[in-house]
Amino acid sequence: MNESLCPDSFLLAVNVLSITLSLPMVVVFILLCILLVIHSKTFHPFFTLSFILLIFSYAVCNLCVLLTAIFQLYDENSPVIFYIDKLYLWVYMYIQPCVVIGLIERLCATIFVSSYENSRYWIIYIIGQALGIGVVYYENVLVENGDYNDTAKNVQFGLSICICICLVVLFFVNRHLTYNSRHKSTLTVRYQLAENVKALRTFVPFVVVDNCISILFVLSMFFFEVDFNINLKVCRNLPGYTITFTIFRTILLLTQLFMPLLVVKQHSSIWNQVKSQLARRQPTVRQSIDADQNNKVFKINNVLGMDIAGTNIDYFTQLKVQWLT
């Protein structure tokens, strides 16, 4: 074991970096959870709950990184670090199953678009969460048996592939329903489809970034033996570990900083509130109103940029048809 490969100055720098970046992220992710709870009526409760659990998991993971860095400043062999790492591993491994559950929920919302709005099958949702926790338990058993680098990483790769497949399926199903619902579906179907699209806009960018991070660290573990947390034993035996770990830790922390911003920007209800708050702090500028304002076409575009809500005229035509039938 070579102490010079992993000097105390490096450990101090890593801990300071982790504390500096993790602390604001814990606050930001918790605030985002609060915002999602406040705006919980925006989307279906299954989607909202899945998203809140995902965001909260990120907050807990960052809190674990923060606490680990603080304890390592005083005693790198503190027994508390062991339990923090266990919590971190459980919560981190739950993130991917949580994403899969969220994507499957959105897939069901898209397929059963005509009836999903009022569906509340909590038993099925709870079973799905239980299966996700079962996957986490299985991965942790593999870790305790020393198979983490092989089987457990393959499980993570498998979940990443599953997530990608779900995204592709959602893309094509959404496009198909969009083509077949324009100007002819009932208002209920069009409303639910519009909600699905807005939910996808909020969820998909976050999922894509999260999935990229997961794949990145699976590859880093395979090729560089670098994981989310520093491994002191590897650090003191593997030349170049300090550089690669610093690079990957910085990428992880900086990338996570943009994830809450993506959610706020894509979440229509939260973003409208943010814009209204910003508008109150700026002087009001009176602008001329175009003469054709009353005939302005309002659109709700899906992730393909296609109009699914139709024009105002379409809306009143559809309403008139329903009154007459």
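Each residue's number is its place along the chain shown, starting with 1.
Cβ atoms here come from the backbone N, Cα and C positions, even for glycine.
The shown structure was predicted, so the numbers you read here are calculated from the model rather than taken from an experiment.
Per TrEMBL, transmembrane segment is recorded for 12-38, 50-74, 94-114, 121-138, 158-178, 199-223, 243-264.
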If we call contact 3 or more Cβ pairs under 8 Å (sequence gap 6 or more), are the transmembrane segment (50-74) and the transmembrane segment (243-264) touching?
yes
Surrounding residues of the transmembrane segment (199-223) on its own chain - C-beta under 8 Å, 6+ positions past either end:
43-44, 47, 51, 54, 95-96, 99, 102-103, 106, 109, 149, 153, 156-157, 159-160, 163-164, 167, 170, 174, 244, 248, 251-252, 255-256, 258-259, 262-263, 266-268, 302-303
Taking residues 6+ outside the transmembrane segment (94-114), which of them lie with a CB under 8 Å of any CB in it?
44, 46-47, 50-51, 53-54, 57-58, 61, 125, 128-129, 131-133, 135-136, 156, 159-160, 162-163, 166-167, 169-170, 173-174, 177, 181, 186, 188-189, 192-193, 195-196, 199-200, 203, 207, 210-211, 214
